[in-house]
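Here is what TrEMBL records for this protein:
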- B:37-67: transmembrane segment (TRANSMEM)
- B:112-326: domain 'ABC transmembrane type-1' (DOMAIN)
- B:116-137: transmembrane segment (TRANSMEM)
- B:149-169: transmembrane segment (TRANSMEM)
- B:197-222: transmembrane segment (TRANSMEM)
- B:243-265: transmembrane segment (TRANSMEM)
- B:307-329: transmembrane segment (TRANSMEM)
């Protein structure tokens with residue numbers, strides 16, 4: 001324990017003969033622990049909340065874990081009765097079900113012996129609460145609303161867009177890194193220039209192009225404009241430049257066609273960069289919001305992001321469903337984060353691209 | 001042997017259909033190669049990307065200018081009538097240039113003003129936080145990659161999820177009000193319906209969502225500073241504060257500049273998480289440029305795509321200037337590296 | 001068959017002429033080495049033969065057929081690259097099979113050829129490994145193996161030994177020579193190392209700045225270099241060059257003055273030299289001996305490198321540098337006065353343009 005604590009609380013300069021806690025060590029740990037709470041806290045809070053019933057969600061002060069007040073069906077009563085811990089005059093506590101309340105006095109029965117009515121002062125009883133996960137928050141939107149459809153749409157858009165992105169961008173990167181041809185720098189410049197043209201600048205004319213191609217209200221209209229990412233071409237080209245040209249020459253001497261060189265030599269060797277781009281692309285496409293919002297106006301075509309935002313914007317927000325679906329929307333990204341975080345952070349640090 | 005190769009065998013199995021498709025493509029492409037020679041293959045490999053770029057990026061860019069000079073509510077260019085510079089004139093028609101509300105398109109100028117202050121405050125606060133985070137992560141920490149991940153986590157979340165998380169926390173009966181009540185005894189704030197707070201909320205939330213990304217880049221920059229410089233400074237008996245101002249900051253400056261411009265470019269385009277969090281409200285207190293363009297172009301009943309195009313071109317000009325600036329910095333650094 | 005004929009071959013990259021009017025005839029089964037300093041165009045010449053670079057002018061013929069417009073794949077040649085260029089994601093076996101599969105060879109035959117090549121090169125134990133798991137020497141063998149299985153008309157080798165350490169280089173060099181003796185195919189070998197060239201080649205092609213300076217057997221080049229460049233390039237350490245002037249020119253002999261006063265009588269059959277001509281006299285360091293007689297060259301010793309079996313003496317002759325390699329160990333130190341004898345040494349005379357004076 002002591003060694004572990006020493007390791008975790010290791011401080012700057014401690015090996016160089018520094019003594020005690022420097023103020024910067026204090027700041028460091030306040031910042032780190034504060035960061036842990038602020039960065040993870042909200043998502044964790046959301047996840048816990050997503051298992052609460054609407055009644056529990058409305059409680060103030062809120063509890064962290066999803067508790068519900070217990071009920072019991074008691075013989076002789078049609079409706080289920082609320083259970084309470086009641087303090088008896090002799091100081092003991094019994095679990096009783098409340099029949100009705102008159103003024104400050106509550107009339108209660110023992111669920112095991114419902115014949116006898118016990119009168120308890122209102123202040124001497126507290127509701128029995130048990131931990132209960134309202135999984136119906138998750139199942140209901142899938143079964144009764146269109147969320148299963150939205151989930152499918154999101155998966156479709158993400159997978160298809162990523163596959164096309166990988167193929168199209170790697171082909172372009174191959175041409176730009178392994179061929180000498182006139183207009184190569186012009187092509188590079190055009191791709192570079194598109195970095196300056198974010199969606200928000202061209203959304204109006206892009207919409208008209210999508211409509212005239214008949215892609216309005218089509219998932220393909222969401223996919224196609226996103227697949228030729230300049231970022232992707234750059235990451236891949238940068239990587240392909242490190243593949244020695246002699247390998248290409250060797251393959252040509254080995255009677256490989258250019259297409260074979262592309263998919264049997266260059267693509268396998270670009271695998272690490274392709275993996276990074278694939279991860280990025282999955283996150284990008286899964287998270288896309290504005291463009292799908294513009295292109296998709298029929299409910300059955302919504303992606304999760306669009307569906308969520310439309311539902312959350314409705315007048316009587318059903319928070320228990322929204323929270324659960326937010327968690328569902330978050331899951332793939334969290335999985336990517338947990339398992340592939342290292343790829344992404346090195347990818348960003350290496351290229352400065354998001 | 002068999003256990004070691006089983007994942008790769010699975011991979012090979014998964015790749016079989018891919019190989020099949022690739023082989024199918026090979027025959028016609030080989031024919032093309034015969035006809036055009038190796039030089040022509042470059043065009044072949046470049047074509048799909050360029051086609052998509054052309055249709056979905058360059059073409060819209062050109063059309064945008066035409067759009068901004070036409071009027072009406074139709075989306076097809078052929079159905080729109082030419083109005084010259086009317087849309088721009090409309091944007092710039094103001095009673096007094098000091099008061100956005102006196103303009104004909106007061107919403108546009110409100111959005112411009114909101115975006116301006118948002119960009120300034122968000123970028124300034126975020127970069128300072130990111131820098132502090134990077135400096136702390138650059139210390140001799142145990143489990144540094146864990147802490148790095150902590151600050152990076154929100155970056156991957158979708159803007160809609162970010163918006164909803166904070167909408168849930170900032171609502172009247174939300175967690176934040178509860179914490180303030182528990183520890184400060186304060187009455188609940190109405191974060192998302194009070195004009196004074198919504199603006200701050202959008203800034204705070206967008207910093208929360210993006211700060212980790214910039215911290216990561218700055219951390220990479222810090223780690224690229226040669227360690228022997230610090231050792232030399234230590235030998236000279238330099239005080240830590242002086243080390244920061246005279247060594248760390250100057251050497252990080254190029255990185256910092258790139259990060260600032262990148263953050264500016266992103267901040268100008270702020271939309272998604274704010275749209276979900278506040279919807280631009282209450283009133284127009286968090287109406288930013290992209291939302292103005294979106295609503296003018298598509299959402300409102302009185303949509304005016306031409307006006308939206310004109311506004312988007314003005315925004316585009318700002319972004320182009322910022323990007324060129326960024327590329328300029330990049331080139332300068334590259335040249336420095338060569339020398 | 002592996003006869004390769006180059007006629008007037010030119011190659012330029014933009015405004016830069018890399019190859020200028022190359023004429024060369026390589027006979028079937030010959031081992032030809034292209035040698036020259038870096039940037040002389042020897043690798044480019046090899047790549048144009050391979051078909052990896054297109055010529056800008058001239059003709060390339062293989063076995064009598066013009067191949068200018070034939071792609072690298074269809075010229076029937078195989079190449080061993082400087083970096084070996086093994087496909088890192090394929091096993092050794094796959095590396096060897098790749099080219100054969102591309103020409104749709106039956107699986108059975110591919111397997112046979114790989115087995116045979118692997119046995120010949122002793123790489124059987126590594127067939128299932130990836131190049132990354134092999135040592136430099138093993139990779140080198142695989143690279144050669146990849147060429148062998150193709151059974152090419154000719155082998156092209158681009159500095160194949162330059163990535164090996166010194167010891168391995170010597171043994172591999174011998175193996176390549178043995179391989180050539182066994183297979184008997186034409187081999188074209190590019191190197192900047194003149195020792196490799198001397199030990200391997202039937203004929204050496206010395207190149208400089210895109211031109212062929214001389215083609216000949218190793219001993220031809222050593223004994224009768226066509227010009228000053230070849231004389232300086234072939235042989236280690238470099239040939240000494242001294243300024244000389246013709247003071248007497250008679251039929252059969254000329255008399256030169258070198259080193260500020262030393263008279264040198266050179267027998268020369270028929271020459272066009274006349275009194276006052278400036279020449280360069282080349283003497284190989286190995287042909288200089290230490291002497292005591294006053295008729296020899298009086299030099300000042302600058303540096304002595306005692307290598308045990310021989311001693312390298314850097315000396316100064318009236319302001320010109322002179323290097324001597326004498327056998328055995330000598331009692332001599334920097335600053336000493338010494339006498340170099342060049343009596344009996346083959347002398348190489350070069351005119352103003354650096355060309356060999358015929359007949360000397």
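Cβ coordinates come from backbone N, Cα and C, glycine included.
TrEMBL annotations: computationally assigned, not manually curated.
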So which of B:37-67, B:149-169, B:197-222, B:243-265, B:307-329 has the most C-beta pairs under 8 Å when paired with the transmembrane segment (B:116-137)?
B:197-222
So which residues does the transmembrane segment (B:197-222) touch in its own chain, when a touch means Cβ under 8 Å and the partner is 6 or more beyond its ends?
114, 117-118, 121-122, 125-127, 129-131, 133-135, 137-138, 148, 151-155, 157, 159, 162-163, 166, 170, 189-191, 248, 252, 254-256, 258-259, 262-263, 266-267, 270, 273-274, 277-278, 281-282, 285-286
Please identify the stretch among B:149-169, B:243-265, B:307-329 with the greatest number of Cβ pairs below 8 Å relative to the transmembrane segment (B:37-67).
B:307-329
Tell me, please, if the transmembrane segment (B:243-265) and the transmembrane segment (B:307-329) are in contact, taking contact as 3+ Cβ pairs under 8 Å between residues separated by 6 or more positions?
yes
